[in-house]
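*Asks:* Grabbed the feature section from TrEMBL, which reads as follows:
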DOMAIN    118-224  domain 'THUMP'
REGION    283-314  region 'Disordered'
COMPBIAS  304-314  compositional bias 'Basic and acidic residues'
């Protein structure tokens, strides 16, 4: 049987578009999806450095508090382990400077709480590039029904037994899904109906319910001591009172320079005012000239009266 190359080429032309379409539909192995636990890491452009710091910090504390989860530290062990079985695995989140690390650690909140407690007590700076480190206890699609269903186990875990004060923090990135007001009202209603002793406290809540919406996904967690731990910002949490005072002094010095510049501006404004005064003086001169013109008009009128009197005498 003779092979027809032209027929093969025409088949290739027909096959390729569909082939690439199928490739496009394949789900990404390293992307965010429902049913995961992990950690949110935020940074300021230095994502690679942030990932490295996050791995180091998480492994350090996981080995300390979860020794049964300890893995071999060799590179070979990390390479041969399947991604979904690794203790920590970075996934595509769909937003810049917003990283998600999947974990097999049974309780991400406990691990992050241990990290925050240690930094809060020792004031030791753990990170240079990573800003916030937040646990994620549930992920779901960004639909209100899915959010309510994913929040139900957290509701039972944290709000069923005894009354707690709570607040709801809603943040959205690269997404038009979910209405902020609707989500907050629904979750607040679920919390208060679960236990009538639960009440909202926006200033110092015992528990903060974090709702992070990124693209078509929603990430949920319940965070204790949210404001005491500086919104889980590692750098701010490591600041001592002396560090804060030094920062305030720097800001005050910079503000003083600004004030000096403002003084110069004020001086220039004074010059403007002086010029305005000159303008006012010129206006007075104009007014004076106008008065002179008025007096000249009066003289003309007087002369006219004299002329009329002279004619009457004639």
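From the backbone N, Cα and C atoms, a Cβ is placed for every residue, glycine too.
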*Asks:* Tally of helix, strand and coil residues over the domain 'THUMP' (118-224) according to DSSP?
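*Replies:* Residue counts for the domain 'THUMP' (118-224) by secondary structure: 36 helix, 38 strand, 33 coil.
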*Asks:* Tell me, roughly as an integer, the mean pLDDT over the domain 'THUMP' (118-224).
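*Replies:* Per the prediction, mean pLDDT sits at 96 for the domain 'THUMP' (118-224).
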